[in-house]
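Below is one structure, written out as structure tokens; the observations come after it.
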Amino acid sequence: MTTSSNPGMVHAGSLLRPYWKLVLCGLVLGLIGGASVASLLAVVNSGLYAGSGDVGSLVASFAGLCVLIVIGSVGSDISANVVGQRIIASLRKSLAAKILMAPIDQLESYRAHRLIPVLTKDVDAISDFAFYFPAFLVSGVIVAGCLVYLAVLSWPLFLIVAALIALGSFAHFRARQRGLSGFNLARRYEDDLQKHYRTIAEGAKELRLHRPRRHHVHVDLIQRTIERISDVQISAINLLVTTRALGTVMLFLVIGAALVLRPLLWPDSPSSVSSGFVLVLLFMRGPIDQLIGMLPSLGRAQVAMRRIAELSERFATAEQDLLDEPAQSAGERVGSIELRGVSYAFQAAAGDNPFVLGPIDLRITCGEIIFIVGENGSGKTTLIKLLLGLYVPHEGMVLRDGVPVVSDTRDDYRQLFTTVFSDYYLFDTLLQPGSQAPEIAQRYLDRLELAHKVSVENGAFSTTDLSTGQRKRLALINAWIEGRPVLVFDEWAADQDPAFRHVFYTELLADLKRLGKTIIVISHDDRYFHCADRIVRLRDGRVDEAAAFVNVAIAGRGGVTPAVEGVSEPLCN
Ligand SMILES: Nc1ncnc2c1ncn2[C@@H]1O[C@H](COP(=O)(O)OP(=O)(O)OP(=O)(O)O)[C@@H](O)[C@H]1O
């Protein structure tokens, strides 16, 4: 397999590249250590036949080689350990960065149950291998050194050994290939298992109430997947350990062959050749065992590396500067946002027609309250994601104040918005610069009737253990104090009690409008549609022009009135 067709190898290469000096240094030291071990064996072998006059030089060589072995093996261990740990650290950092920068639609389609095992299991598999890698490296070098010594002792015997080792390696190679496909399959089942684990954790309440479903999840999903993983791993590892045992037996066969064949084929060769061979081959058993014993770990690391490379490839983005140090914001303003001929199509599931949004033309001007309404699945959230610059339109463009938003400016554009999605994530810290933030937050906590439950301590909410509706109010407070010019609420009021829902539509939206905010609300609350300046109704991914209307009642109180509550200037251009 060429490296270009193997993204795992390419990725491993790019991870190693920054540390090539240390890797080289480790290899050289490993070579010194391995060669010294082989030389020590030669010294021991010649010591067996030495006279009393050779003792001094033998002791000196012995001691010198021991020192070299220590320096070589400790040095190569340390450098390989440092490289291994550094690679794991940079892998973890780069994966976190990839996720932070990934195109949102790619992230959504990858799904959390597949993402988390890559971040945990696959990185751990590589970490395990990195931990044992120094021993692997040193063993490899020792085996190579021993082979060189065998060649020095006797070419014909070396060739027999080399032929048998080549045969053994080929058998291992084939076994490893089968083992690898087993590890690949097991890894796919592990993604399924992760999904089932999420089901039992997140669906605990539903499963407690539904015996047949609980049984199905327990037996047909969890137990079956666990059994499959176990079966596949058992056969993959069994195959590898069997070839390992055969490899050991083969080594003894080589020793036997050397002893039997020598007097027949090479009767004149000295007996020190035979004893040297036996000594080296017996010694080689340890490092060879270590090399073979690491093959399952290497196999898993290879599968993991391929997964990580696939993820990295998939999450590649045109917006490479997303993780740059944020510049001090001077208070973003916007006059208008426009979608011009925008359309977006999801990837279709097999045999299904994809949902297509658009083409849509929509212009939102500063200070408007605009409601986006329509049936379930009509495309409201998708439209919002396009408007927020989270999805890149497949056709058409988004314009800020008449200027197209492109990949270089998209992240600046996104900073105009604060959103509370229907599947929002509640951050418990307030990242608002300035010492005013806690006081402002406290004021909003009072306003949203949360002050008796939550306070602001050290820039964080004292608790987020609240009811669903109360947590959404906290999310609104976060949105409020961020001070951005455009606020987007995706069915925010759906979890609120009737009294507070009324407050949201009739008071809070009006307050925010008075602060100069542009407000976009996805809503099914037709009782409050009159609170909008304008309503955009979606039907099957298109704007239903016939249903669009302007709410004159509120238009009367529209326009940007002088700012209150901490906003000193209007946010419109
Ligand atoms: N990640 C996705 N992959 C494939 N199709 C998707 C994805 N997200 C949404 N869709 C499809 O796009 C369509 C519009 O979804 P969207 O969430 O925009 O609807 P919505 O109007 O916000 O619905 P609701 O009122 O139920 O929240 C749906 O039919 C859905 O099947």
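Glycine residues also receive a Cβ, built from the backbone N, Cα and C atoms like all the rest.
Among the features that TrEMBL reports, domain 'ABC transmembrane type-1' is placed at 22-300. Feature annotation from TrEMBL assigns domain 'ABC transporter' to 337-565. Here TrEMBL flags 58-83, 129-151, 157-175, 245-265 as transmembrane segment.
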Any residues 6+ beyond the ends of the transmembrane segment (157-175) with a Cβ under 8 Å from its own?
-> 147, 150-151, 239-240, 242-243, 246-247, 250, 253-254, 257-258, 261-262, 266, 273, 277, 281, 292, 295
Return yes if the transmembrane segment (129-151) and the transmembrane segment (245-265) have at least 3 CB pairs under 8 Å (sequence gap of 6 or more), otherwise no.
-> no
What else in the chain is close to the transmembrane segment (245-265), if you only count residues 6 or more beyond its ends and a Cβ gap under 8 Å?
-> 156-157, 160-161, 164, 167-168, 171-172, 273-274, 277-278, 281-282, 284-285, 288-289, 292
Taking residues 6+ outside the transmembrane segment (58-83), which of them lie with a CB under 8 Å of any CB in it?
-> 16, 19, 22-23, 25-27, 29-37, 39-40, 43, 46-47, 50, 130-131, 133-135, 137-138, 141
Between 0 and 100, where does the mean pLDDT of the domain 'ABC transporter' (337-565) sit?
-> 82
